[in-house]
Amino acid sequence: MKDTIVAQATPIGRGGVGILRISGPLAQEVAKEVLGKELKPRLANYLPFKDQDGTVLDQGIALFFKAPNSFTGEDVLELQGHGGQVILDILLKRILTIKGIRIARAGEFSEQAFLNDKLDLAQAEAIADLIDATSEQAARSALKSLQGEFSNKINQLVDSVIYLRTYVEAAIDFPDEEIDFLADGKIEGHLNDTIRQLNGVRKEAKQGAILREGMKVVIAGRPNAGKSSLLNALAGREAAIVTNIAGTTRDVLREHIHIDGMPLHIIDTAGLREASDEVEKIGIQRAWDEIEQADHVLLMIDSTEQTAEAFKTEWADFLAKLPQSIPVTVIRNKVDLSGEAEGLQELDGFTLIRLSAQTKVGVDLLREHLKKSMGYQSSTEGGFLARRRHLQALETAAEHLERGHIQLTQFFAGELLAEELRMVQNALSEITGQFTSDDLLGNIFSSFCIGK
């Protein structure tokens, strides 16, 4: 017989209510032994919880859910009693005296729900993300993922790929038919539509991953431009040493902050210039390492030294070296000295913000700009959350789709196109768990709470 599992569903410690959750074929047996009666499904019962000798341990509400109409898809019993940890421990010990019942592993309830097709893998991960959400928008986005919004987009992509595979493999299997599916343009048109659809989901998923994990923002610029002062202004404390000596910051400084609950990882770097000092050279190389891995770059410019219009010429080499996928916001600092007014404008395709890191004038404009860059919305609407593994799977799918497009348009190689499409389907199916290794499942569910 399959194991029946039990765990505390409420947080460890003192609380008003404490809940124990039991899932498996012996859930009704627990009800008979601890409550003294079988329970009707979906009916709340106020009953005493009894020890083996009939002594009352606690009293509270008992709920029974008959398989498959439960979270896990199995018989589920919930005992909702008083929230003292000692009481819950005694009741848990009592339940474990029943043969065939054991303590649940971390995330095992959600794992059973996944294995019993009550939710897919992306939805299961959304449970943990909902619990860990640090902002209202992250919570709403996690809920959308739990309700299947992300999964639906992935399933639509999988359906498109299956449609393509059907026609490609028909062209391979029936080469003598009058219609040449590979040459008539229909497959290429549908393939292009699928690529556009996938790129849209990739963009949303990247935004969702930033919302979940935080945006990596690197402050870059020449020495003494005010990078460390801006780090301190955003952090709300003296996280970095600030002096008038150019090159004070020689290593990478990191500060984790929240703006209205949105997580950001702010990184201050060494000033970018031609350096003869060996230590400073190392610091500049580390600065470039961070810049190339950033989600967003703040390019600090001293407003007392150059005009706003000159930055593109002055920083042409920097902008050329920077990966085009990384957004850059130009910060004209020290407006308290240059006499410029604080403000935000679009200039030559870049967002430019005028502020003073020293007096903090204009810093709130930057905060709002960073929030919007992370996908913050003041309305209750939002996207879905995504994880790094989702981004990797989508990236893999995109690479195979592009290769498939080349096989079709340049070589008319149906067999190779079919293989690339198969790899696309496998990569996408990893997200929802239709095609997933046991090791990956173990890693995902082991990060959950015990009672989830």
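Numbering starts at 1 and runs along the chain as it is shown here.
Placement of Cβ uses the backbone N, Cα and C atoms for every residue, glycine included.
Taken from Swiss-Prot, the feature (6S)-5-formyl-5,6,7,8-tetrahydrofolate binding site covers Arg21, Glu78, Lys118, Lys452, and the record attributes it to sequence analysis. There are 24 other Cβ atoms within 10 Å of the Cβ belonging to Arg21 ((6S)-5-formyl-5,6,7,8-tetrahydrofolate binding site).
For 214-375, the entry in Swiss-Prot reads domain 'TrmE-type G'.
DSSP assigns Ser228 (Mg(2+) binding site) to a helix. Over all protein chains present, the Cβ of Ser228 (Mg(2+) binding site) has 24 other Cβ atoms lying within 10 Å. The GTP binding site annotation in Swiss-Prot covers 224-229, 243-249, 268-271 and rests on sequence analysis.
Under the heading K(+) binding site, Swiss-Prot lists Asn224, Thr243, Ile245, Thr248, citing sequence analysis as support.
According to Swiss-Prot, the feature Mg(2+) binding site maps to Ser228, Thr249.
Comparing C-alpha positions, Ser228 (Mg(2+) binding site) sits nearest to Lys452 among the binding-site residues Arg21, Lys118, Lys452.
Each residue contributes its Cα atom, and for Arg21 ((6S)-5-formyl-5,6,7,8-tetrahydrofolate binding site) and Asn224 (GTP binding site) these two points are 59 Å apart.
Across the structure, Lys227 (GTP binding site) and Lys452 ((6S)-5-formyl-5,6,7,8-tetrahydrofolate binding site) are spaced 44 Å apart at their Cα atoms.
Nearest to Ala270 (GTP binding site) in space, judged by Cα atoms and limited to the binding-site residues Glu78, Lys118, Lys452, is Lys452. If you average pLDDT over the domain 'TrmE-type G' (214-375) in this model, you get 88. Working note on the binding-site residues Asn224, Lys227, Ala270: by count of other C-beta atoms within 10 Å of each C-beta, Lys227 ranks first.
The two recorded residues Lys452 ((6S)-5-formyl-5,6,7,8-tetrahydrofolate binding site) and Asn224 (GTP binding site) have their Cα atoms spaced 51 Å from each other.
Sparsest Cβ environment among the binding-site residues Lys118, Lys452 (other Cβ atoms counted within 10 Å): Lys118.
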